[in-house]
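Per TrEMBL, these features apply:
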type	residues	note
BINDING	Glu43, Cys62	Mg(2+) binding site
BINDING	Cys65	Fe cation binding site
BINDING	Cys65	Ni(2+) binding site
Amino acid sequence: MTIQTLDISPVGRVEGDLDVRVEIEDGYVVNAWTHAELFRGFEIILRGKDPQAGLIVTPRICGICGGSHLTSASWALDTLWGTEVPRNAILARNLGQIVETIQSIPRYFYGLFAIDLTNKKYRNSRFYEEATKRFAAFTGTSYELGVTISAKPVEIYALLGGQWPHSSYMVPGGVMCAPTLTDITRAWSLLEYFRTNWLEPVWLGCSLERYEEIQTYDDFMDWLDEDRKHRESDLGLYWRMGLDIGLDVRFVRSK
């Protein structure tokens, strides 16, 4: 079967230039690569420093995804020094990485992408009026909710690391935290708040369990047609408007 290669360069609105290449076979992604094109000199800053300086310096690369850089720096030192990380410490690291990723979903979509859908260039779309109502910067109903609620997941990060962003709770060999039952209970309540106040009613229009049943593009389109709430969710609105204004045009070449 022929492998199709999709190149996107650059990917905008990601706080730095990024190239993405995806290989698709039989409708499934079989390989994917990302390449950061922006050099800001952090590698030079770390030259000649104590290796552990990476735990402090690299998370400052970004005010949104500093946890990713801290995770990478920690694992790099673990590999270098051959340290064995306990299972609970791995879970604590992974949880920090996960909740930071979750907060990026509404923050990126509303704050860095969906506002483009309100550009007058798309005023002839039948979805333009609704998109403007929801996604307009600062005044859109979904914009306000999405950007605000994106802070909830990283409250869990702060439970582990004492603060977010720019925590340094991950260290070679493990973490510098010991979550209590109160911390864990608080973390669950924050996730439930995020789920019940935005993820399901606003973003998906269905339960998370129902959405997880989607495995293919056809499944997604069936889900979209299945219920009015799905179609009128923010994800449903974005998808329908995207098709309407031609965002589904693909630049694919055969390998």
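Here, residue 1 is simply the first one shown, and the rest follow in order.
Each residue, glycine too, has its Cβ placed from N, Cα and C.
These figures come from a predicted structure and were not determined experimentally.
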What is the one among the binding-site residues Cys62, Cys65 whose Cβ has the most other Cβ atoms less than or equal to 10 Å away? Cys65
Need the DSSP three-state call for the residue listed as 'Fe cation binding site' to compare against my parser. coil
Rounded Cα separation (Å) that holds between Glu43 (Mg(2+) binding site) and Cys65 (Fe cation binding site): 17
Taking all protein chains shown into account, the Cβ-based neighbour count within 10 Å for Glu43 (Mg(2+) binding site) is 9
